Amino acid sequence: MKAAVVVFPGSNCDRDVAVALERAMGRPPVMVWHKDSDFEDVDLVVLPGGFSYGDYLRVGAISAHANVMREVKRRAGKGVPVLGICNGFQVLTESGLLPGALMRNKSLRFVCKDVGLKVETGQSLFTSRYETGQRVTFMAAHHDGSYFIDDAGRRQLEDREQIAFRYCDERGQVTPEANPNGSVANIAGIFNSEKTVLGMMPHPERMADPVLGGEDGRAMFEGLVEALS
Ligand SMILES: NC(=O)CC[C@H](N)C(=O)O
C-alpha cells in the first residue's frame, strides 16, 4: 500500500501521521507539498492536523484552494480514499468533499484532552478493525471543532450511516456532558456517502503508541493497510 500526506504551511501533525502510517505500512508515505498540482499514484491521501495558513480567514478555507486540493478532489472523485484529521477535516468540509462545517468550540476555548468516542460503524475501510458500538479513546486538540449541520443534513447522515464517530462518556454513552465542543448530535467524524472519505476532529495518530498514552488509533491505520494492500 502507498499513501500520501499533504503538507500545508502550518501543518503540525504531518510527521505524527507519517510515523503511524509507516509503522502500519512498513514504508514511509509520500509527503506532498501544498503547491504541488500532481503527485504519484497512491492508495490513500491523508490531510493532517495543524494550523494550515495560520488558520487565518477561516480554518481550512485557504487550504481548500491550494493547488494540491484540486488533485485531491479529482482523486476523491475517482474513489481514492481520503482521511482528514482535525484541520484536515476542516479542509474537507471547506472543499465540499464532506457536508457541514466546523465552527468555534462552544466554550470559545482551545480544547486539548483525551476524548471517548463511540464507533458508529465498523463497516468501512477506516473502521474495519473496530466493532460497531466500541468505545475508543483518541485525543482532541482544536479550537474550531464544533461540527454543524442542519437537521435535514443530520438526518441524511444518520439514514445513510455516514456518522463514523460520536463523542461518548466512559461507559460509551453519547451524552451532552461528553461533547467537548458543542458538535451537533455529538458528531466527531463523518464519511461521504460512499464511505471513501472520512473526516474526524480527534487524532488517531496521537493514540498510536503506548508512549503517546494509548494505542486505540493504531487499528485505524492497520485496518486501512489491510483493506488497501
Ligand atoms: N489540531 C488541529 O488540527 C487543530 C485544527 C485547527 N487549527 C483548530 O484549532 O481548530
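Every residue, even glycine, has its Cβ placed from backbone N, Cα and C.
All annotation found in TrEMBL is predicted automatically rather than curated by experts.
As recorded in TrEMBL:
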ACT_SITE  Cys86  active site, nucleophile
ACT_SITE  His203  active site
ACT_SITE  Glu205  active site
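The Cβ neighbour count for His203 (active site), using a 10 Å radius over every protein chain in view, is 25. Checking the active-site residues Cys86, His203, Glu205 against ligand 1 with a 6 Å cutoff on the Cβ atom leaves Cys86, in sequence order. The DSSP secondary structure for Glu205 (active site) is helix.
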